[in-house]
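K.L.:
Have a look at the structure that comes next, please.
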Amino acid sequence: MSRIKSAFERLNGEGRKALIPFITAGDPDAALTLPLMHTLVEAGADVIELGVPFSDPMADGPTIQRASERALARGMTLRKVLQLVVEFRKTDGKTPVVLMGYANPVEAMGLEKFAAAAAQAGVDGVLIVDYPPEEAAAFGAAMKAQGMDPIFLLAPTSSAERIAHVAEIASGYVYYVSLAGVTGSGALNVEAVAERLPLIREKTGLPVGVGFGIRDAATAARIAGIADAVVVGSRIIEEIEKSTAETACANVKALVADIRRGVDEVKK
C-alpha cells in the first residue's frame, strides 16, 4: 500500500481529515528546506506537497512565484529537489511527499528517468500542473509503473467529462482548486465548494483535497467539514517570506499547528 493511501486510511479510521501543507523546495534556501519539511510534520502535516521551482509558474500567484524565483536564484534544480527527499527519508519513512510542479523540468530530465529517480528518492506522488489530464496517459503510466500516485487538479470550471477522466487515471487523491484563478487569489466561497464536491465524488472514490484560498484555522475547519483534505500553500510561503532564517521554522510551526487545530475541529 502506498504511503498516501495508508495515510488517508489511518485518518479515516481516526475520524480525522488530512492536512497537506505546501512549500517550495529551495525557498528561502536549500539549507532550510529540510528543517521546514520536518517542521511541517511536527506541526501536524499528513502529506507534504513540495514545490519544484520553475521560471514560469503560470498557475501560481505572486507569493509562490516569488518563492520559485528565490529558489531558482539560489540554484535549486529538480535533481536537488530529489536529493532533499532522499535526505528527508533518512529520518522520516512515513510521511508522504508529493512533488508539485510543471512539465518542463520533468521533460528535460525525461519522463521515465524522472519517474525512476523520484521513486528511488522516496517520492510518493507527483502533480504536474500543466499536464492536461486528457494528454497525461504516459505521465500516469510512468508514475504508476514506479509505484507513485499521479495526482491531478480539478477546478470549478472542470467539465463532467474531465472529472470522469481524472477519476480513471488518478490515484492517491484528487486536488480540487477552489478558485478559478492562480494560487493565493480571491476569496474562498465554501458554499460553492460544497456544491461542487458531490459531483466529483460521484465519479471517484479517491479522497478529495481542497486548496487555494485557505489562510487560517477557521477556513480550514470549514473546508475540513466538506473535504477529505485541506491544502495550504500561499499562506505558509508568506510566513517564510517575512521570517528570517532563524525564525522561519518556529513561525511556520505555529501557523501550521493552528491550522491543524482548525482541521481537527471536524470529525467524520
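Cβ atoms are placed via backbone N, Cα and C, with glycine included.
Quick paste from Swiss-Prot:
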- Glu49: active site, proton acceptor (ACT_SITE)
- Asp60: active site, proton acceptor (ACT_SITE)
K.L.:
Relative to the Cβ position of Glu49 (active site, proton acceptor), how many further Cβ atoms are located within 10 Å?
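P.N.:
25, counting other Cβ atoms within 10 Å of Glu49 (active site, proton acceptor).
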K.L.:
Hey, how far is Glu49 (active site, proton acceptor) from Asp60 (active site, proton acceptor), Cα to Cα, in Å?
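P.N.:
Counting only the Cα atoms, the answer is 14 Å.
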K.L.:
According to DSSP, which kind of secondary structure is Glu49 (active site, proton acceptor) found in, if we only use helix, strand and coil?
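P.N.:
Where Glu49 (active site, proton acceptor) sits, the three-state DSSP reduction gives strand.
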